[in-house]
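Visitor: Quick paste of what Swiss-Prot says about this protein:
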type: BINDING; residues: Tyr59, Ala60, Arg61, Tyr62, Lys63, Lys85, Tyr104; note: acyl-CoA binding site
type: DOMAIN; residues: 32-117; note: domain 'ACB'
type: REPEAT; residues: 182-211; note: repeat 'ANK 1'
type: REPEAT; residues: 215-244; note: repeat 'ANK 2'
Amino acid sequence: MASPGILEESSSGDVCSGGCPDQWEEKTEEELQCQFEQAAKHVQNVASVASTEQLLYLYARYKQVKVGRCNTPKPGFFDYEGKKKWEAWKALGDYSHQQAMTEYIETVKKLDPDWSPQALEEPYKEPKTTFGGPVVSCLYKVQETLREEDKDIFDYCRENNHSRVSHALSTGSVDVNVADDEGRSLLHWACDRGHTQLVSVILFHNAHINMQDSEGQTPLHYASACEFPDIVDLLLDHGADPSLVDNDGFQPHEVTDSKTIAAMLQQHASNGEHNKPPSLLLEMPQ
C-alpha cells in the first residue's frame with residue numbers, strides 16, 4: 001500500500017490526493033508528460049534516500065501512467081516485494097493519468113528539493129527504462145535463468161515440471177519432505193505457485209501435509225494466502241490442519257483476502273474435519 005506519510009502530504013496541497021485540476025491546467029499534457037519522464041529518470045539518483053514506502057508510492061503511479069488500472073494477477077506468496085508493489089498499484093483503482101503523473105513529479109521533488117525538470121523547449125532525451133520504470137530496479141529482484149544442469153528439485157517444482165518431480169520422488173532420489181534454507185518443502189512451493197496437479201503428485205508420495213517452514217507456515221497457509229481454493233480444498237481433504245498458527249499467531253484463514261477461502265477454512269475447523277484420517281486412496285495424476 002502507499003505510504004500513509006506520503007498520502008498525508010498529498011492532502012496538504014503539496015501533492016494532489018483528490019485531484020488538482022487547476023495545477024493540471026497550468027501544464028499542457030505534453031509538458032506534464034515531459035516532466036514525468038524526467039522525474040522517472042531522476043528516481044535513479046534519489047532511490048538511495050527514499051524509503052521503501054516512497055518507492056512503492058512512485059512505482060504505483062508509474063504503472064498507472066504507463067499501463068492504467070492494475071491488470072495483472074496477484075503475485076505468489078513467496079514474492080513479498082512483488083505483492084507489495086501489486087497492492088500499491090491495485091489500490092489506485094481508476095486513478096487518472098494526469099493525477100498519477102502530477103503526484104509522481106511532486107514526490108520526486110520532495111525527495112530532491114534541488115531538482116527541477118527541464119522546460120519543454122530545452123533538449124530532452126527520453127530515458128531508457130527497465131520494465132515498470134527505473135524505480136522497479138530498486139524493488140524488484142529478477143530471478144536468474146538457470147541452466148538445466150544447475151537446477152535442483154525446488155527449481156523443477158517452481159516450474160511445475162511434473163515428470164522431473166514425480167521421477168525423483170518415485171525413485172527415492174529425493175525425500176518428499178526435503179526443505180530449502182527457509183524450511184519450505186516441495187509442497188509449500190507447489191501450493192505457493194498454484195500447481196494443483198503437482199500438489200496431488202507430492203501428496204501421493206506421502207508428504208508431511210502440516211509441515212511448517214521457518215516462519216511457522218504450513219502449505220495450507222501458502223495456498224490460502226495466494227488464494228487457490230482448489231488447492232485449499234485438496235489439502236483439507238487430505239488432512240491439513242486449519243487450526244495451526246504461524247510464528248505470528250495467524251491461522252490460514254487469517255492470511256487470506258478471499259472470503260470464500262476463509263469461510264471454507266473456518267467451517268472445516270469448526271467441524272473438526274481435520275482430525276479425520278486423510279483419504280486412503282489418492283490417485284496418481286496422469
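The backbone N, Cα and C atoms fix where each Cβ goes, and this holds for glycine too.
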Visitor: Mind checking which residues of the chain, 6+ beyond the ends of the repeat 'ANK 2' (215-244), have their Cβ under 8 Å from one of its Cβ atoms?
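Guide: For the repeat 'ANK 2' (215-244), the far contacts come to 74, 76-77, 182-183, 185, 187-188, 190-192, 194, 196, 199-200, 203, 209, 250-253, 255-258, 260-262, 264-266, 268-269, 273-274, 276-279, 282.
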Visitor: Do any residues, 6 or more residues outside the repeat 'ANK 1' (182-211), come within under 8 Å Cβ-to-Cβ of it, and if so which ones?
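Guide: Beyond its ends, the repeat 'ANK 1' (182-211) has Cβ neighbours at 76-78, 153-154, 157-158, 160, 162, 165-166, 169-170, 176, 217-220, 222-223, 226, 228, 230-231, 234-235, 238-241, 244, 278, 282-285.
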Visitor: Using a 10 Å radius around each Cβ and all protein chains in view, which of these binding-site residues has the most neighbours: Arg61, Lys63, Lys85?
Guide: Arg61
Visitor: Can you check what DSSP calls Lys85 (acyl-CoA binding site), collapsed to helix, strand or coil?
Guide: helix
Visitor: Let me know the model's mean pLDDT on the repeat 'ANK 1' (182-211).
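Guide: Across the residues of the repeat 'ANK 1' (182-211) the model's pLDDT averages 94 on the 0 to 100 scale.
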Visitor: According to DSSP, how is the repeat 'ANK 1' (182-211) divided among helix, strand and coil residues?
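Guide: Output for the repeat 'ANK 1' (182-211) reads 17 helix, 1 strand, 12 coil.
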Visitor: Give me the DSSP three-state residue breakdown of the domain 'ACB' (32-117), ordered helix, strand, coil.
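Guide: Looking at the domain 'ACB' (32-117) with DSSP, the answer is 59 helix, 0 strand, 27 coil.
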Visitor: DSSP on the repeat 'ANK 2' (215-244): how many residues come out helix, how many strand, how many coil?
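Guide: With helix first, then strand, then coil, the repeat 'ANK 2' (215-244) has 16 helix, 0 strand, 14 coil.
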